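Asks: First the structure, which I've put down as structure tokens, then a few questions once you've had a look.
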């Protein structure tokens, strides 16, 4: 049984007001994950929370699973009409709009590193006087690590898609294209399909070489784990981290493998890992056929893999690299919500890791994980204001 909410002096848990939280639907196409699961929602309910859940046919968890544990089901996409004092939790960014945002939002907003449209997003919060707690920047004050992340499953799924893309490229006289992706029921099903696909590669699975940069992190460890489980030789899974990239790119070693998986966390400008010109110079000697950019800093001006400029999608998982007409084909996988290929497992792990932080939501005015996130939000609001002013945009 979950622990009861701590009692305040002279007050029983039963008389304390319940902390509301509103799980919104996800509007990003093909996004099946959820910030809360029936399991974690039940724990919140047992700890004096009131959990509202929007109906969502896209979510991996059925509405009835939330209803069964005691959540209050509300209409699909109803959050804009929710009482302003109820925090709204979701995963991916909200659809583009100019509507002010008066609520407190807990989500991945993708607007703190000057991504495309970043000031537009923050301007909505400024105009609505709302607050953003970006899930990417909810950090443990002691370790400075994110309290919850999808990194492992992002790397795991990204490596899987890269392997599938490699196998498909050999088909149709080298013109094969990876077809639309659909979520897997579980990890075993994903590993089985990838292993069979790699068995079809002409050079033989035992000769396929991969390079994972960021291999010591959550994301990189997930990519390495997939390649191991799919049957690649350990010596052919090359693992790099900060020590190996310290010399600065571009890196010949990337051109020498079949699949390159980028799993770094980009926090500052760094030398490019690879460029189209560098690939062209290698000519026929280039072995690289697939790049998986799990980090997906596509619109970041400091993207260290400037060989593509769009995010790919589940219906169209890859984009061609302009190799200047030299050497073999090369494609990029740049899907920015890869963990949704394993939506149930990824959601359960993420929500479980996030749970202690959500349980402290009633104390967000004093809990460092929340106060630090709010301080960062206000800092980014000011940066966006300055940028808008410089560009002649009035809030």
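Note: Cβ is positioned from N, Cα and C throughout, glycine not excepted.
Predicted, not measured: the structure shown is a model, and the values here were computed from it.
Checked TrEMBL, it gives:
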| type | residues | note |
| --- | --- | --- |
| DOMAIN | 22-157 | domain 'Alanine dehydrogenase/pyridine nucleotide transhydrogenase N-terminal' |
| ACT_SITE | 92 | active site, proton acceptor |
| ACT_SITE | 110 | active site, proton donor |
| BINDING | 145, 217, 218, 241, 245, 265, 294, 335, 336, 337, 338 | NAD(+) binding site |
Asks: Given that the record lists 145, 217, 218, 241, 245, 265, 294, 335, 336, 337, 338 as binding NAD(+), what is the largest C-alpha to C-alpha distance among them, in Å?
Replies: 26
Asks: Among the recorded positions 92, 145, 338, which ones place their C-alpha within 10 angstroms of the C-alpha of the residue listed as 'active site, proton donor'?
Replies: 92
Asks: What residues, ordered by sequence, lie under 8 A Cβ-to-Cβ from residue 294 (NAD(+) binding site) and sit at least six positions away in the same chain?
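Replies: Long-range Cβ contacts: 154, 155, 158, 219, 223, 261, 262, 263, 338.
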Asks: For residue 336 (NAD(+) binding site), just count the other CB atoms lying within 10 A of its CB, please.
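Replies: Around the Cβ of residue 336 (NAD(+) binding site), 19 other Cβ atoms lie within 10 Å.
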Asks: Neighbour count, 10 Å Cβ-Cβ cut-off, for residue 92 (active site, proton acceptor): what number do you get?
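Replies: That number is 19.
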Asks: Looking only at the domain 'Alanine dehydrogenase/pyridine nucleotide transhydrogenase N-terminal' (22-157), what is the model's average confidence as pLDDT?
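Replies: Reported value for the domain 'Alanine dehydrogenase/pyridine nucleotide transhydrogenase N-terminal' (22-157) is a mean pLDDT of 96.
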Asks: Going by Cα-Cα distance, pick out whichever of the binding-site residues 145, 218, 336 is nearest to residue 92 (active site, proton acceptor).
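Replies: For residue 92 (active site, proton acceptor), the closest Cα among 145, 218, 336 is found at 336.
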Asks: Which entry in the list of recorded positions, 110, 145, 218, has its Cβ near the fewest other Cβ atoms, using 10 Å as the limit?
Replies: 145
Asks: To which of the binding-site residues 245, 338 does the lowest count of other Cβ atoms within 10 Å belong?
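Replies: Lowest Cβ count within 10 Å among the binding-site residues (245, 338) is 245.
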